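Working notes, structure below.
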């Protein structure tokens, strides 16, 4: 014989007229009472659903708010890490994919130079303050003075020691030899002419290639904006003595390079500090004749960060506007629900405090992990504020609607978490995973932005549950007990309620109208058309004019570089990384064919501007020194006659290489090559050369040239040819932006679709939500193109942000349209798409509008900041809010109305992720009040249970199985509960007067009918089992 089984107590049904007892203990007590362990376990299993877990968490938050606040406070201490925050950008390589060709090309040139780091290269641009020519004697002298001061005297302090640039420039200290040789020759010629002598015949300062004592000096590498005559000689009327010395009539810009090797961490810090200090020096007025402009990657990085810092007061103003807006919304909502008290101030503060703590904690954690904060991460707060405040509005909306129902704090928070928890989980998880995918992109700075944003999204979600929920619990305690709890609105509030319900019904009826649906679909197709056209026409361009602030000092040197320097001289370095066998005619033919193809490309300046050591070696090999050295000593230039040499038929060896490199006319070529001494003599193992191009002011031209250069080098793999150009990484940024943006966008959308599929059990809702997210993203990027924004790293980050924000405007609608949750206690039947829309928009419509408006309000101050990055994010956020609200409140609901109920009512896995059927919705009910009549019935039924337990104690197992049916009836598995079985049980067991009297039989009958009615209404056994802990109306 098995041990006696206890029959758990049953709480009776409660009619609508039940009174409310505010002092009654929470009646939802699944783990309390005198039930058996099996019953308690069954009740606990009722929580093993997504909603059940959130409901359980909400009840514990309501019971122990200070415990959760303590945990949230401990988590927020990560914000203290902000004291180690480092603001830094890596414009040159930070936005270049790690697998970009330019990284391999840079590594190849580093290997040749024996450099372990990326060389620092600052550009000095000298222009005349009076707008005249820079080749005037006094201006050349002032340029030399400023250059010598920056190179030899200007210093920076590091670790207590002063460093000057000439101590850090190896192996590039002679990189400005062109200007030095020109200046020295110019001074000598100027001195001779002013003394009444003729200019020296050994020096001919012709542009673009000068001949200085037998050396060919390419002046085009240092002098730009040049207006020249065919040749010098003879003073030009109205011009200075300079016209006798050189054929240049006007020089607009003199360019010099300051280059150093970042071989160690200390060296990198020194060069970066010197570059920034030189930039600050140039900004001060140090000369009355010459203006110095300094530009470099470190300067550009600092200027971007400085621009980001300028946004700080605008951020503060935006946050202030958002807090004010949230406070106003909470205030009017409290007035409407007649619940105005000090607790609403807590709600307003908590709504904005959660995303702010998520932002500061993210910066703190990133800093503690040793990462830097780039300029894009400074815009991340807008996304987090938008997402966080949206979640807060949903929680406040749900919490406020239950204010008049008389729930205890535990009940109320449990229902708020049950209703809102899954919805904000969808948006938070999709954002977290989408930016997590973005963190896998090959672009380092974009990866950092996505990593930080994903972390902030997760932290905001945690703070919403651990901090904002307890704040609502504390605010609930501030509410005054009222006799009107549970009653409807009266007076003007009733009018507002009726009016809003009427407007909502009319709006939903309009959305359900077929003709209106056709108009919406037509408008959506037009919207897609313009979005696709804009997307196809968007240009990939990294325009420094746009990226830099309009008032940035770097705008001027950028203009000079783009429109003057690169328009006249744009060299590419070609590295031959395989030994060159001069005796191998096949290899030499391949090499000279490579050279000819590079010099034949569009925009090439031709062979005269190329620097190729082998051409001079051919001449030296056949003709020896170009000048008679003895004649040069006496000031007479006696150039030897040389016939042109065809390199394809010339026959040379390395036998004269040593003497070639020792010649005073050719020794400078030694830095262009690496030589290995073999048993057969010296051999050039690798070398580099340059070919110059012009008219390359636009990025489109430079990108096209880079692609042509790489295609050429790939065709000559036998020579192991590699091309390198200082702007190669910028080119790769633009070449990779479209593919990276497309890849990241597609992966993000797929990720969001998967997450929505997990939490939204209806396939149609998942598909429509995913299409809506893609549609919003398409509209944002397409209309950014119509507004003349190009695809650059800033726009790419903004698009990623728009994808994340678009989830909040679509997932909530799709989720609530399927689940249609508006409370917890009472289930009601929903008939048709219109009622679904009414319940959906009633739950998420107003919070969605509030969140959109609050996000726009937050960015309004940035309109007064004339800078590119803020303007991109302002335009993006404005577009995503507009398109998101239109999709969430118009397009998506109208499209869902067009679908038949057989598609929208499908629930693939209702058991775990949903506790409501596809044809019902939850509404907030009235808490249980055990009125006098119902209390008697309850006592009577419990007495019947006791009698049954006493009567059947010690009976056979067959009789105990019948009693187990009652256990199934009151809380166990109801799958076996049938009408016939229940009637049979009552007939056998309940007709004994000594066991159950007529009242007990009637009570059992009424409960039995109530459950069967619920089954017929479409409730699943799991729903009935779980809701057994609540009171039901008949």
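Any Cβ shown, glycine's included, is placed from N, Cα and C.
Per TrEMBL, the range carrying the annotation transmembrane segment out of 263-285, 286-308, 378-400, 470-492 is 378-400. Given the ranges 420-441, 552-573, 574-595, the record in TrEMBL names 420-441 as transmembrane segment. As stated in TrEMBL, the feature transmembrane segment covers range 844-865 out of the listed 822-843, 844-865, 910-931. Of the recorded ranges 515-538, 740-760, 844-865, 872-896, the transmembrane segment (766-787) has the largest number of C-beta contacts under 8 angstroms with 515-538. When Cβ-Cβ distances below 8 Å are used as the criterion, the transmembrane segment (515-538) is approached by residues 775, 778-779, 781-786, 789-791, 890-891, 894-895, 897-898 of the same chain, each at least six residues removed from its ends. If you take every residue in the domain 'SSD' (318-474) and average the pLDDT, you get 84.
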